[in-house]
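Participant: Features from TrEMBL:
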type	residues	note
DOMAIN	27-267	domain 'Deacetylase sirtuin-type'
ACT_SITE	HIS134	active site, proton acceptor
BINDING	CYS142, CYS145, CYS167, CYS172	Zn(2+) binding site
COMPBIAS	454-465	compositional bias 'Basic residues'
Amino acid sequence: MSLGYAEKLSFIEDVGNVGMTEFFDPPKVLLEKIEQLSKLIEKSKHLVVFTGAGISTSCGIPDFRGPKGIWTLQREGKPLPEASLPFHRAMPGVTHMALVGLEKAGILKFVISQNVDGLHLRSGIPREKLSELHGNSFMEACPSCGIEYFRDFEVETIGLKETSRRCSDAKCGAKLKDTVLDWEDALPPKEMNPAEKHCRMADVVLCLGTSLQITPACNLPLKSLRGGGKIVIVNLQKTPKDKKASLVIHGFVDKVIAGVMDSLNLRIPPYIRIDLFQIIVTQSLSADKKFVNWTLRVASVHGPNAAVPFIKSVEVSFSETQKYKTASLDKQPFQLKRRTITNEAFDIMLKLNFSDGCGCLGTQINIPFDFKISTKCLNLDKDAIFQKLKDTAAQDFRCGQNAVIEKQAISSPKSEVTVHAIVTNIKTFESHCQSNGDLKWPKDSVNGTETSRKRSNSRKRKSRP
């Protein structure tokens, strides 16, 4: 995590007068409060969750006011915390995925986030049920037609500035802009209006990991009070809104939410990340028509000049019957040029070596190669393919599974573009509320991913309409 990352996030919360001292409820009190919160959530008709930097600290992303927060370390003249993962490979944690479970159960109606780390959207919270008040470091938006593009890399600018890419809609083509606000930028109505609407409708607003100090965002939960709603605050530090809350819990957000999910007999769904890339094969006949000059490229789906951040290198080999030279591509763009005899069919084997932060070392893809490019476009049911990949990954506790989701032919230059989906991370969670007051979730390690034992006897809660 670079200094640029800290600078990008430094506007999120203003430096207030509330102390940075952390408070912890005694184990017995914590369990009692978790039970109270569980009952409030179970009875709620319109639950809204309001999140801050504290829900992402367990994901390797530092907060601001904590003992190891960005501002705390800066004031003490200490270096900023080193990241264990690249920012673009940070994975949603217990709290993020528990919220997904609550949303799928029909309990959670809306999420309001002050974070720009993109983890809520990456976790699976539907975009229409999420307001990202300060933007998203991985999102670009078209100011003309409104299309949003969720990237697998950090967008290079902040402050709603133009980026180096354009809208891919053929009827538009306008220059895209980043979505992360700068100090002087007002909160966008597109995010603020639905946030205000749902807070007014809420009977419970659950504030997680936020100091509730930056305005006007911090006043959103208060809008629920006018309609008889209740505010619950889970945070290690005291906040200016504590007196307005019906319940204040001082404890780690992950442990509190894990306890709530246990109490409600709800499973925390696994996080399974699926990334996309494309394989482009371009070919042309030599002048004497005896050979085919072809180029194979492993490329990003986010634009011709974008890198593929989750792939470190590509090893290319061929069928055993062929004597073509193997190749190792370790610099982007991953591109291989060859000349082969016409009408000669063979297989190309691609070994994709993943970058740091992925859940396994890599995977292999075989490409039948016969120099015949189909004129038919192939558009498969992407949602069904994604779900099948996720189900298989969760069952096997491993990543690397891949599938084709789209294929198209281009006449000039003669090319075939195949889009692949690939599972690059899997992380599962299990929570157990222990009688001794400790909240634990045991994990085993499989292929570099965090996994857990499956529940064998947990009751399923019916989804709400």
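From the backbone N, Cα and C atoms, a Cβ is placed for every residue, glycine too.
Automated prediction, rather than curation, is the source of TrEMBL annotations.
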Participant: Per residue, counting other C-beta atoms within 10 angstroms of the C-beta, which of the binding-site residues CYS142, CYS145, CYS172 reaches the highest number?
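Facilitator: Top count of Cβ atoms within 10 Å goes to CYS142.
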Participant: Any idea what the Cα distance is from HIS134 (active site, proton acceptor) over to CYS167 (Zn(2+) binding site), rounded to a whole Å?
Facilitator: 22
Participant: Have a look around the residue listed as 'active site, proton acceptor' and count the other CB atoms within 10 A of its CB, chains all included.
Facilitator: 24
Participant: Return the residues near CYS167 (Zn(2+) binding site), defined as same-chain residues 6+ apart in sequence whose C-beta is under 8 angstroms from its C-beta, sorted by sequence, else 'none'.
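Facilitator: The list for CYS167 (Zn(2+) binding site) reads CYS142, SER144, CYS145, ILE147, GLY173, ALA174, LYS175, LEU176, given in order along the sequence.
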Participant: Given the recorded Zn(2+) site (CYS142, CYS145, CYS167, CYS172), which additional residues of the same chain have their Cβ within 8 Å of the Cβ centre, ordered by sequence?
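Facilitator: Neighbours found: PRO143, SER144, GLY146, ILE147, ARG166, SER168, ASP169, LYS171, GLY173, ALA174, LEU176.
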